[in-house]
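Listed features, source Swiss-Prot:
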MOTIF     58-68  motif ''HIGH' region'
MOD_RES   LYS183  N6-acetyllysine
BINDING   GLU561  L-isoleucyl-5'-AMP binding site
MOTIF     602-606  motif ''KMSKS' region'
BINDING   LYS605  ATP binding site
BINDING   CYS901, CYS904, CYS921, CYS924  Zn(2+) binding site
Amino acid sequence: MSDYKSTLNLPETGFPMRGDLAKREPGMLARWTDDDLYGIIRAAKKGKKTFILHDGPPYANGSIHIGHSVNKILKDIIIKSKGLSGYDSPYVPGWDCHGLPIELKVEQEYGKPGEKFTAAEFRAKCREYAATQVDGQRKDFIRLGVLGDWSHPYLTMDFKTEANIIRALGKIIGNGHLHKGAKPVHWCVDCRSALAEAEVEYYDKTSPSIDVAFQAVDQDALKTKFGVSNVNGPISLVIWTTTPWTLPANRAISIAPDFDYALVQIDGQAVILAKDLVESVMQRIGVSDYTILGTVKGAELELLRFTHPFMDFDVPAILGDHVTLDAGTGAVHTAPGHGPDDYVIGQKYGLETANPVGPDGTYLPGTYPTLDGVNVFKANDIVIALLQEKGALLHVEKMQHSYPCCWRHKTPIIFRATPQWFVSMDQKGLRAQSLKEIKGVQWIPDWGQARIESMVANRPDWCISRQRTWGVPMSLFVHKDTEELHPRTLELMEEVAKRVEVDGIQAWWDLDAKEILGDEADQYVKVPDTLDVWFDSGSTHSSVVDVRPEFAGHAADMYLEGSDQHRGWFMSSLMISTAMKGKAPYRQVLTHGFTVDGQGRKMSKSIGNTVSPQDVMNKLGADILRLWVASTDYTGEMAVSDEILKRAADSYRRIRNTARFLLANLNGFDPAKDMVKPEEMVVLDRWAVGCAKAAQEDILKAYEAYDFHEVVQRLMRFCSVEMGSFYLDIIKDRQYTAKADSVARRSCQTALYHIAEALVRWMAPILSFTADEVWGYLPGEREKYVFTGEWYEGLFGLADSEAMNDAFWDELLKVRGEVNKVIEQARADKNVGGSLEAAVTLYAEPELAAKLTALGDELRFVLLTSGATVADYNDAPADAQQSEVLKGLKVALSKAEGEKCPRCWHYTQDVGKVAEHAEICGRCVSNVAGDGEKRKFA
């Protein structure tokens, strides 16, 4: 028997079947670095329209976690897809390098500044520590396959950036947005510093809940207001609070102007409460026998005075919109030094912003004899005992509630009035302008807009000063007596900025005021405060984007971070940009959800459900991690687990196998010589290229909409359904058995070439390593890297006017599916082995029959059977299978007649009819020794 194997065009490629990504990717990265791939891309894109995604700086502390990976991969997918869409899209990664977490790390190792080290040495240690953290994180980010200017990132501790942060503050001062005041700020007694809103987390805490009576100073005036004369005992207004320790700072009682307030007689005294809360308060304080003597509107009680239960003064009743009927008594204890609402209403009524608490959380001397020097969280019991002793305590109980805590220490924080510097939301219209700017930004997902609008509408002034060592100095001089800013503040700040640009922030602390103030130096003091780190990162649109040459003066098109950044970086950037320039710093803002485990639980080391990106890359490879990120809907929580990553690896294999099939069957194809013109191609091949064209339209739309899970789904559908289970199956016969240089085979290779050229580019933003690998095996002249080019433009499709148009092949796909069902059943019944052992008869109604008949003898190649005939639907025998999908189709199957050809494996009746080739069929004889078979349709 002759060996006909050598006459077949068997697939062959050096592109490996197994990805082995964990082993192969580092080598590719080394090549990208050695070649300066990022530089090559920049050179290739020079002069094109720009798209600037500005990197929100991660904090330079600790190893990267899965959330970091999600963030950087999403950014990289966008940058690469924009590059392929014809944009010059530089990517400059950044790091946030100042602030408390770094100070704490350095403190742990070396002690606090001023103990063993000077503050200057401490700052140097902080700078050193941040630099090592940046290096560690940078290696991991690069390993993810993220392309960027990694050798020239921006760091908020770069001298030039530090100087530009000072300049940003100068611009805000020049525009009139800065003011100084004693205001209640979030204060951590462990950090001994004010905290930004974004540094506050909420945890459940058990606190005492108390009802306290403030006796009226003028009892008769109250009787008159309520229209009563007979009251048994003193009259009091009752407040409710869960922070007894703040009572020494009480300066008023807030009530709502429009609520009804009742005067309620209880045993031996009368109390004033919101009428709607009388029943719940009576239940709480254990009183069943009470009488409502009268009611008035809250507005009637304004400015009546009540005696503080244990301090030696009385306080007014004032009107506030923040009073609710959700809980309590309808009368709110008001301490302007310990709460933002209290502060706002206190300003309105000219109340003292009293703050009897020191930075360490203990009462200052002279507060109250039994409280001086006591920690406020230990003072609740003392205050409650005092109230009891004075007969002012109506009720006490424990309650659990959500309480603000320091993100770093996880300990409860307090509101504490301290002298601080603020960016005012309203003194120069910053709030109104910011709300206007928000409307001009595209928020993705769109609920982000309402979220940030409500945050901006309700946020207090931004406290930008911190009492820290490692941070950008505010660089201000204030008058010793008046505490007013120096009249030449902007000029002086520029002078400081120039010095910082040369020597870093230490230049401020080394600066002798005389050097720039001359004779005035004795009248002014240097402000020792540093800037909130959110000011550092929030000003990068100015300190980085405006000055980096690769951005060429363009503003950022996009900011992309986790959804917690509405109150963090998106907010601080919006505030600073609007205060400086009157406009938002971004055109689009995209947010992604947090990572959770397979069961939807938050990642936590204590539960042991964290997924380390380093482990994933070392086991499965970065491309699997990238595919998981892209295939997950980032608008909600992003679930990740070993099982989910395994599914991503399965999807990856399907894509890789498709790419490998294309490459293996392009063996021996030279596009410069072997390409077949579209009009001369086999119809099915043109259909396949048309499928790629339709897929490309969908994929490009999805990339444009940042809808990456749609990109992956469409890519998978193309690989698995349109190619894998239809086209690639059908062409194997023609590809392997036709004459090597025949139009039938070259037509097929032409289609595969166009498809491969498109596919490798669709993959590139997501499966960057694999796309680079595929690119290296594609035939024909090309640039060195897929990333420097643009989407493939060589695709074409069938015209709708053609008889065998897309709709024709869509119907054929359905017919093929129905035939497969019948073959599967016959295989299960052991009537046939493979599909080539079968012959089918398709009983079809006239319209479908005409389409099937048009394919002639080539119908069998589409159905992967050795025989296929078409007959009238009404002639179908009883055992023919009715299609559920196509009502006008029945399928009957029989065993194929004739012998099996050892070369093409088809069963035919002309095997051995040609003496010189006695073992093979006539078609194979033609392909081996004759002119080769002609194919028109399939």
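Any Cβ shown, glycine's included, is placed from N, Cα and C.
Counting residues 6+ beyond its ends, the motif ''KMSKS' region' (602-606) has Cβ neighbours under 8 Å at 65-67, 594-596 in the same chain. Sorting each residue of the motif ''KMSKS' region' (602-606) by its DSSP state yields 0 helix, 1 strand, 4 coil. Among the recorded positions listed here, namely LYS183, GLU561, LYS605, GLU561 has its C-alpha nearest to that of CYS904 (Zn(2+) binding site). One residue stands out among the recorded positions LYS183, LYS605 for having the most other Cβ atoms within 10 Å of its Cβ: LYS183. Comparing LYS605 (ATP binding site) with GLU561 (L-isoleucyl-5'-AMP binding site), their Cα atoms are 23 Å apart once rounded.
Taking the mean position of the Cβ atoms of CYS901, CYS904, CYS921, CYS924 as the Zn(2+) site, the remaining same-chain residues with a Cβ inside 8 Å of that point are THR737, PRO902, ARG903, TRP905, HIS906, THR908, VAL911, ILE920, GLY922, ARG923, VAL925.
In this structure, the binding-site residues under consideration are CYS904, CYS921, CYS924, and the one with the smallest number of other Cβ atoms within 10 Å of its Cβ is CYS904.
Residues within less than 8 Å, Cβ to Cβ, of CYS901 (Zn(2+) binding site) and separated from it by at least 6 positions along the same chain comprise TYR907, THR908, VAL911, GLU919, ILE920, CYS921, ARG923, CYS924. A separation of roughly 31 Å, to the nearest angstrom, links the Cα atoms of GLU561 (L-isoleucyl-5'-AMP binding site) and LYS183 (N6-acetyllysine). Within the motif ''HIGH' region' (58-68), the DSSP-based counts of helix, strand and coil residues read 3 helix, 1 strand, 7 coil.
In the three-state DSSP classification, CYS921 (Zn(2+) binding site) falls within coil.
According to DSSP, CYS904 (Zn(2+) binding site) sits in a coil region rather than a helix or strand. There are 21 other CB atoms within 10 A of the CB of GLU561 (L-isoleucyl-5'-AMP binding site), with all protein chains counted.
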